[in-house]
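Here is what TrEMBL says about this protein:
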type	residues	note
TRANSMEM	7-28	transmembrane segment
TRANSMEM	34-55	transmembrane segment
TRANSMEM	76-93	transmembrane segment
TRANSMEM	113-135	transmembrane segment
TRANSMEM	142-163	transmembrane segment
TRANSMEM	183-203	transmembrane segment
TRANSMEM	215-236	transmembrane segment
TRANSMEM	267-295	transmembrane segment
TRANSMEM	302-320	transmembrane segment
TRANSMEM	332-353	transmembrane segment
Amino acid sequence: MERITTIQLFTLIMIFEIGSTTLFAQGIGADRDAWIVILISYVIGLGLIWVFTQIPKYYPNKNFSEILTTTLGAKIAKPLLLLFGLYFLSQALHNFYEFGMLINMTALSKTPLLVILYLFIIVIIYILSLGVEVLARTAEILLPYLLLFLIITFIVNFFSETFELDNLLPVLGNGLKPVLAEVYDVVAFPFGEMVVFLMFWHYVNKPALIRKTTFLAVSLATILIMMNLIVMLAVLGPELTANTEIPLLETLLSINIANIITNLDSVAVFIMFFGGFFKTAIHFMGFCLAITWLFNGNKPEWCITIFGLLFPLMAIYRFSGIDDQRWKGSEGGIYSILLFSALPILLLIIIFLKKKNASKKEDTHVS
């Protein structure tokens, strides 16, 4: 069986959490206090992640399908597994189309979208066909470059003439209500999306370190997300940040240091590509694993190839444009993320009660 190290798990989670969150202004409905939304959502999100990481503690050597079957029985486990699989497919399609469109808009404007999507998916099919371990190793290699580019954007923006920390003042100028109103969405995205890692916990070679590794990765990713948001607000101001299609790109285009360091849009394209690649790949692999387990298989290569080749057509059929994709994501995506984050909570309660009843029966039998 394939195994991934805790360091590889750390890199996968870091890239997954950073994903598309660096491109957009999370919690911008709270205006200049959006960074506080991230902080509060992170604290609540850790509660969700505690649930996700508690499940493998009860069944450290079982995959998610086996856990569902053991806990709920095959008649309930199979439909639930299918629902999770379809949810992961939906999330993969959203990320896939979004990043394809953004690359089309920013870097390859004369290239047909379908060509970009097929080039994108061929790379994903190739890496996923080699296994989860190869995906994790790829993340391990590329994360330092992603972090380097993010840090470069922070440093260069800080020394830019357009950087004004006054744009973040006054703190809580509109009170706490707008901040709390945004928390719901930000807990769901990106923290609720961590539910997909239920499909991957059994690959980790040291199950006892899953929670520690996950908490550390999510914490560091949150710091980067918050720093990125502060940079956006300081450079663009709250209004422009809220109304710009890709705030990260706008901040990089606004940089002009002594007429030497300018036009850093290629940095944004790099961040977009790798964030989109891993977010799509992880969700898509989650879907393929679910479908494979549904048919009692253990090799998802057939699913990766068949659905992968259909993926660009599915994405174009589902979304008519970036605005349609954003609307569908905001209208239904948040609720589905929260729903499939709540299901593991119910599953954990059932597991706990079953374990408790089993221990009581053992005690009664012994006495």
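Glycine too: its Cβ is placed from the backbone N, Cα and C atoms.
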Contact call for the transmembrane segment (215-236) against the transmembrane segment (34-55), three or more Cβ pairs under 8 Å: yes
Candidates 34-55, 76-93, 142-163, 267-295, 302-320; stretch with most C-beta pairs under 8 Å toward the transmembrane segment (183-203): 34-55
Beyond the flanks of the transmembrane segment (142-163) by 6 or more, those residues with Cβ under 8 Å of it: 11, 14-15, 18, 22, 224, 227-228, 231, 234-235, 248, 251-252, 254-257, 261, 264, 267-268, 270-271, 274-275
Contact set, same chain, for the transmembrane segment (76-93): CB under 8 Å, 6 or more residues outside the stretch: 64-65, 68-69, 193, 196, 198-199, 280, 283-284, 286-287, 290-291, 293-294, 307, 311, 314-315, 318-319, 333, 336-337, 340, 343
